[in-house]
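Swiss-Prot has this to say about the protein:
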type	residues	note
BINDING	Tyr18, Tyr41, Trp76, Trp77	substrate binding site
ACT_SITE	His22	active site, proton donor
Amino acid sequence: MIKKAFCMQVYPDQHAEYQRRHEKLWPEMRQMLKEHGAIKYQIFLNPETSTLFGYLEIEDEARWEQIALTPINQKWWNYMEDIMETNPDCSPMTAELKKVFEL
């Protein structure tokens, strides 16, 4: 199992909307994540900085990277573009985090 952590930024006035959209995650998006090896996927929000912290457990890095090519993921990125910082391809701007401790 591979553990990954990363940060993203949601716009300060969009915290509730970000949470609402994830509470209503499309079933086909949920299925696609699992099919691409997501074992556990959690996102936390620091409301003071609007920083999102993502934690992910996956089975295989190469398989996971293929999600960017799926039509449902492209649709999700477009859906989320108006409420968070994104790249020109609408993917969320992310900063990978380095694990420095585990108990």
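From the backbone N, Cα and C atoms, a Cβ is placed for every residue, glycine too.
Sequence features annotated in Swiss-Prot and their locations in the structure.
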residue : record                    : Cβ contacts under 8 Å, 6 or more apart
Tyr18   : substrate binding site    : Val10, Leu45, Leu52, Met80, Ile83, Met84
His22   : active site, proton donor : Ile43
Tyr41   : substrate binding site    : Leu33, Gly54, Tyr55, Leu56, Glu57
Trp76   : substrate binding site    : Trp26, Met29
Trp77   : substrate binding site    : Thr86, Asp89, Cys90, Ser91, Pro92
Substrate site, defined by Tyr18, Tyr41, Trp76, Trp77: further same-chain residues with Cβ within 8 Å of the Cβ centre: Arg21, His22, Leu25, Met29, Tyr79, Met80, Pro92
